[in-house]
Amino acid sequence: MEKIVICLMVIFLGTVAHKSSFQEQDLLLIRMRQLIDIVDQLKNYVNDLDPESLPAPEDVKRHCERSAFSCFQKVQLKAANTGGNEQIINVLTKQLKRKLPPTNAGRRQKHRPACPSCDSYEKAPPKEFLERLKSLIQKMIHQHLS
């Protein structure tokens, strides 16, 4: 009887642990897909954005994706004060700045590679900035699924 209870507990705990890791993955994928939608919406307003060039990471090294993503989040995308789209742009940029859910890979990584600072990235106009951001998010999704 005791052995059966122990076996059932092991099976139950294995199922719960497996399920929680899938939930984390799902949250991250959902968030990244939301980010792609937000970037696509911002592209509709690219002519209403301040034309100032912004640091936009490109060709990001493996394991530096989250660092590069945080560089994108630190940038201040601003409306050019032309038209009534300022409020929409502000809402979308606030949504871009929400943190990504944590991942097990990020927690396990003890030795993190040296990633370039945000200032070291080449500056790009808003349209290219948004394209690079979308490309990075797609890369992160692909790596997460593989």
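Cβ coordinates come from backbone N, Cα and C, glycine included.
Keep in mind that this is a model prediction, so the values were computed, not measured.
Taken straight from Swiss-Prot:
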{"type": "SIGNAL", "residues": "1-17", "note": "signal peptide"}
{"type": "DISULFID", "residues": "Cys64-Cys115", "note": "disulfide bond"}
{"type": "DISULFID", "residues": "Cys71-Cys118", "note": "disulfide bond"}
{"type": "REGION", "residues": "100-120", "note": "region 'Disordered'"}
Cys64 (disulfide bond) and Cys71 (disulfide bond), Cα-Cα, nearest whole angstrom: 11
Where Cys115 (disulfide bond) falls in three-state DSSP terms: coil
Cα separation, Cys64 (disulfide bond) to Cys118 (disulfide bond) (Å, whole number): 11
Cys118 (disulfide bond): tally of other CB atoms within 10 A of its CB: 16
Residue, out of the disulfide-bonded residues Cys64, Cys71, Cys115, whose Cβ gathers the largest set of other Cβ atoms within 10 Å: Cys71
